[in-house]
Structure formats: C-alpha cells, structure tokens
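Here is what TrEMBL says about this protein:
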type	residues	note
BINDING	A:T97, A:S98, A:F125, A:P126, A:T127, A:D128, A:T165, A:D194, A:H197, A:Y219, A:W249, A:T275	pyridoxal 5'-phosphate binding site
MOD_RES	A:K220	N6-(pyridoxal phosphate)lysine
Protein chains: 2
Amino acid sequence: MITREHCAILDAGDPLAHCRARFDLPPETIYLDGNSLGAMPANVPARMKIALEEEWAQGLIRSWNDADWYPAPQRTGNKIAKLIGAGQDEVIVADSTSVNLFKVLVAATRMREGRRVILAERTNFPTDVYIASSVAQMTGCELRCVDPDEVLASIDETVAIVSLTHVNYKSGKRYDMEAVTRKAHEKGALVVWDLCHSAGAMPVHLNRCEADFAVGCGYKYLNGGPGAPAFVFVAKRHLPDMRQPLTGWHGHAKPFEFTHDYAPHAGIDRMLTGTAPQLGVIALEAALEAFEGVDLEVLRAKSVALGNLMIDLADQQLAGLGCTLASPRDASQRGSQVSLAHEQGYAVMQALIARNVIGDFRAPDILRFGFAPLYVRYIDIWNTVAELKNILETRAWDNETFLTRKSVT
Amino acid sequence: MITREHCAILDAGDPLAHCRARFDLPPETIYLDGNSLGAMPANVPARMKIALEEEWAQGLIRSWNDADWYPAPQRTGNKIAKLIGAGQDEVIVADSTSVNLFKVLVAATRMREGRRVILAERTNFPTDVYIASSVAQMTGCELRCVDPDEVLASIDETVAIVSLTHVNYKSGKRYDMEAVTRKAHEKGALVVWDLCHSAGAMPVHLNRCEADFAVGCGYKYLNGGPGAPAFVFVAKRHLPDMRQPLTGWHGHAKPFEFTHDYAPHAGIDRMLTGTAPQLGVIALEAALEAFEGVDLEVLRAKSVALGNLMIDLADQQLAGLGCTLASPRDASQRGSQVSLAHEQGYAVMQALIARNVIGDFRAPDILRFGFAPLYVRYIDIWNTVAELKNILETRAWDNETFLTRKSVT
C-alpha cells in the first residue's frame, strides 16, 4: 500500500523540488492542468513591467533594435530547440500552433508533389485534423484519417505526409517518434510532429529521430502564458526547399527593403509571417528560464513517477468507484498525463475544481490530469486521489452546480 | 508666416489636448512614429499586472471563464468596430494582419469562383502583395498589380477581388473607399480593405461604403503594443458564405466539443484559428480606452490640421534644402501622415532621432512622419521642422553614425 508518508518522502528526495519556487502558484491549490495552461513563472511580471514601461513606453519604436525585440522569435526558438532535440536556427516562435501547422503541411505537400495523401489520425486534437482537411482541400490532396493503431501500417508509397501529435491530448498516449519517422521515410513520406503535449514535459529528440517538421504550443508545459505564441521546427536539410504559403513580410529575405517580390529568408525566418506578437514572445522567453539547469532525463523520470503514482493510487483507492484508466499503463507509451474515464466526468471534475484540485474535462467522459514536473509534487497526486475518492464515495458530484455545463470548459 | 506662438495657441485650443495624458510618453521626445508603433496608453501596465499576477497566476485555467478571457477577441473586436464604421459582431481580434489577409482573400476567391483576377496595387505595403501572390498561386488565380492611378479603371468583370490599403504606408495617400467599393460592386467584384494606416487615425465608414472585408493592425494608431494582435472585419451579409482556410478549433461552431469534423461558427468567430494571444489582446483592449469619449470627426480634424501645418512649415522653412513633399498636398487624399523625400533620407532621419524627434525612414528616400492625434501636439510639428531645418542647413546628417545603416530600421 502506498501511503501519504511515502509521497512526502518522494518529494523530499525530488531533485527538481527547488524548481517549484520558480513559479507563482496559488496557495492551497493543486494544479494538474499545466497541459492546458502552464502555471506562471514568477519572473514574468517583472520582465513584462520592463517591456511595457521601459521598452515600449520609453524606447518606443527604437526598441525593435535597442531592446532586441527584432531577434526575439529566433532567440526564443533557439531556447525551445534545446528542449526538443533540435539544432540552433531550426526553431522559431510565431503565430499559433494551428497557423504553423498550416504552413508546414502546405510546404510539405509541395515537397512531395507526386503524392496526394495526408495521413492523419482520427483521435488527434481536432484543430490538427481541421487544418489538415483544409490543406488537403486547397492542395488537391486527400486527407486519410485512420485509427491510432493503424497508423504504422497505413504509411505506404501514396502517402505524402504523416501528420501526428506526439502525445495525444486526451489519452496521453505517446507515439514512438523514431519508429514512425523511420517508416515514413522508408516509404518516401515526410512527417509533421505536433509537440503540444510533449515539449517541456519530456526530452524530445527531433534530430535524433530525423524528424522533418514539428509545431508546438507555448502555453502548456512551456508556461508562456495564455495564448502564448507557438513554435515551428524545420529540419535544416529542408529549409532551402521549404515554401510555406503565409508569405508575410517578416519571412522575407530582406523585410525592411520593402521590395515588391517575395523572396524567402534563407533560414528558419522564412517561417515567419507578420510582426511577432512581441509581448507574448517576451513572456514566453522569460518563462523558459524555469528550465534553467534542468536535466530533461530527470524531468522525464519525475513525470513518469508522477504518472505511475497516479495510476497506482487510482488502482488502490478508486476500485469500484466507476473510474477506469484511459491512458496507457505502460509509461513508455505515455506522455506526462493520466486520464481517467467516468460517466459523470464533467460533474466530477467540477467538484474537484471546487475543492481546489484543478484538472480538466474532455468530452465525453475524460478526467484529465497533467503533470508539469517542474511544479507538481508527489503529495499533490496523493491529495488529488484522496479528494477524488471522497467525491466519488459521497457522490459529491451529484449537485446542480457541478452538473450544469458552462458554455466553455 | 506661421510662428511658434501660433502653434502654441493651436495646442491651447485643441479639444483633444487632454488625451495626451492618457499616454506614458518619454520626456523631451517628439514621437511621430505612431503609424509604426503607437505610444503606450498609461493604463496598460496596471491592467497587465492584474492579467499576470491575478488572472494567470492565481486564476490559472479558470480565467478563460472567470476572467472573461474567452470572449476577449470578440469584445475587443466590438470596440474596434466603433472606430471603423462596422457593426457589432462584424469584427474580431486575431492573429496578424498578414494572416488575416490570407484568410479573407482565400475566402473571397471562393465566393467568386468564376473569376480569377486578384487586383492589387504595386505600391501597396509589401506583405499585402506577398500574401495576395501566395493566395493567387494556391487558388489558381492571377495577381494583377497596377499603379495607384490605374486601380479604378482596372476593375472589370474579370476581377474577383480588389485588395487595397486604405492609406498607403509610404506616401500617406488615401483611397476613396466609397468610390472604389462602388465601382468594384458594379463590376461584381469584392473588396478587401487593409486599414493598418487608418484605423484609429480617422473615421472609417466600412458599412456606409458597403465594404465587404477588412483587416488591420492593432499596434499602430490603436496603440495595442508591439506586435499587438490584428483585427478582421466581415460584413454580416457575407458571414454565412464565408469559408476561410485557416480552420483552427477556435473558429469551430463548438470548439469545446472536440468533434472530428470542422463546422464553422455561424458568426464572426469563424475568422478565429488558434487560441487567442491573450496577453496581447488584453493590452489592446486596455489601450482602446484611450479613445473613450473621442469624437472621430474631431480626431480627423486635428489630424488634418497637423498634416497641413507640417506641409506649410516645410514650404516655409525647408525650401531649397533638398526636401520634397512625398504625400498628397490635398488633405482629403491624405491619411494621418506626411512624408518628405530627401536623397539622404536615411541619415537625415537618424540625425533627427538622435535629437529625440522620432519618425522613420522608408527606402529609398522617404522621411515618414505620422500624426497620432491623441498625443501629438502642434508644437511638436513646429519643433520637428525646426530640427529638420537645422540638420539640413548644417548638414548634421553627414556623419558616419547616421550614414551607416543598421540591419533593421
């Protein structure tokens, strides 16, 4: 039997325990929703104050040069690169994940002109499928959506692009990036990886896996703030041939010469479109300092331990209470979250949130718990399962307040 | 002869003089570059502090509901709508101008399928032309670029879309929105207006002109901060037929049901793609309070008066010093800026900036001066021309520091 004391001992021995102080967290709250919106790194407000009151208000337009605003998307991209196994100048911060996905998917179809299948996955995060569908329509391709366990077998010589999310948003199931990428390359296809639920939560090895393209989000495990700008990775070998369709001036080889014809920048800057969302980039760049000195293997080890603890405690405490595990039990197939299914999932999660245990709900019945290893403690997992047990045992979820759906989840 | 005293009298009688205190401006600086980056409204840092320290740090994911983050793009769009003659729920804040332009151009080509010409203008801001070119390539259309004075005559029955910027970024020349739109509609074409250099600087009458689509920037005369999110307008009559290609989840009818198939939101929300860049939206929304109680006709009258003063003073003070007027002399054809051409424009502008008079340079020879009527004073114009005169008379620009181009302007 796992005890509360055992969890406290794990926290006492946690090599990342000191990182929690890098975040400004509300008291008495357990936050297991960093896979939806990461907690705020404590250094962000001071950095933003300087950005506003000094750089913007006093420096005005001069700050694009003098405060180094202009190279911030590249600089921040290079910091993210270290977290995802990319090289320098292969990653840049820009736009949203959806917009970046559109760019890379269109560019990739142009690099595989004889082929017309975009292979995607039915259970992927909807925006990825919506965007792929639009790209297919605009480029004369066919979007082929298959079940997760059919992906590998479905990669054949007709496939131009395989578009997958590394870790599934709902189940937390993780693809074997290396195996999928290898198979795709054997068949002559390109792979686009969405890293929304892996960047910042575990080491990602884009270049070791010979990945082609990747996109990802700044506001989950990277803690960049609500709607933080996203990032995009293009393997250096593809940059010269890569023609993305959102050809705004910041992707131009010489944006400030204001020439009439578009000529893409030679490097990763070609993935830019409009002016960088600078306040968001500044917050994201500051937020990344929370990873300073963090060994990503240690981060992953803690993430796995937190997930295993959650599953073990659920087995131990929640048996017969209507919850079933909706994530892989095998940690090697799991990201940094554990999902539980319960037929009253929405109300159960509302009841948990009312007790200051914050996860989230994903239709139709998923209770989602994300573990950001920089600030989640083992004791948080214990307390979460204890509250959940109490809610289920007492049917505390069976309450008008919790059962009534808000318009937005 | 216009005197300094005359300018001081104009300031004393300025009905918008009180608005200057709404901005946090550096002392001893004349800022005539609000058409590149608007000055910071003084209320922004306090609003951002709450957004960071309370809404993000304490509220965490709950703030999407509890702090009304989720409807912020719509709410802020509705505030912008009042400045541009649009109705409620016809404007939304999203992405960058370039990205929004891509969306509306593709959507518009889909509404004029029998036609294949996108008519644009050679001297338009480059990003508009680059994006139109990419859209033409992707949709099988032809991009036809003509000279500014050929636009009206070039609108014929082959034209699907006319894509123009209301006020030219370099010359400040303003199109007659009503006449162009009328001609386009007579010929069966749709019109996309880029309002980057007009929104917030003058009344714009989108619905009175029966405009179809518009896009514009949040960081110039709207003062939303560096890289502030942009806005997009779709006339209500077009919303049901409008299919934009960046079909991210936030444009979905029911984004939080996470359905597999894309179904666009019935209203302006369909123009959304990914998660809103919330920190940027919050800054922009706060910044718009600077327009509270401001009559846009009064704003325009001051803008015209500032421009006329600049031109009159240039005539009076700069004759024979190598400067020529590069903006329309007739205020009715001008936006809220005056451009002067000088063969050493770059160095002259650097010399001006060194004296704390901030305008900007646009290649090959344009000194650009923008007048944000909420915070620019008549005396600023006097002092600008006086400094410029001194720089030209003494050839103060002829100095290594000023002549050497920085990588970014």
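Cβ atoms here come from the backbone N, Cα and C positions, even for glycine.
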Exercise for the section: Report, in whole Å, the straight Cα-to-Cα distance of A:K220 (N6-(pyridoxal phosphate)lysine) from A:W249 (pyridoxal 5'-phosphate binding site). Expected result: 28
Exercise for the section: Round to a whole number and give the Cα-to-Cα distance in Å for the pair A:T165 (pyridoxal 5'-phosphate binding site) and A:K220 (N6-(pyridoxal phosphate)lysine). Expected result: 14
Problem - Taking residues A:T97, A:S98, A:F125, A:P126, A:T127, A:D128, A:T165, A:D194, A:H197, A:Y219, A:W249, A:T275, which bind pyridoxal 5'-phosphate in the record, the widest Cα spacing (Å, whole number) - result: 30
Completion exercise
Rounding to whole Å, the Cα atoms of A:T127 (pyridoxal 5'-phosphate binding site) and A:K220 (N6-(pyridoxal phosphate)lysine) are apart by 16
Problem - Using Cα positions only, nearest of the binding-site residues to A:K220 (N6-(pyridoxal phosphate)lysine) (A:T97, A:F125, A:H197) - result: A:H197
Practice task
From the recorded positions A:T97, A:T127, A:T165, A:H197, A:K220, A:W249, keep only those with a C-beta under 8 angstroms from any C-beta in chain B, and list them in sequence order.
Solution key: A:T97, A:T127, A:W249
Problem - binding-site residues listed as A:F125, A:W249, least Cβ neighbours within 10 Å - result: A:F125
Exercise for the section: Measure the Cβ-based neighbour count of A:T97 (pyridoxal 5'-phosphate binding site), defined as the other Cβ atoms within 10 Å of its Cβ. Expected result: 30
Fill in the blank from the handout: In the three-state DSSP scheme, A:T165 (pyridoxal 5'-phosphate binding site) belongs to strand
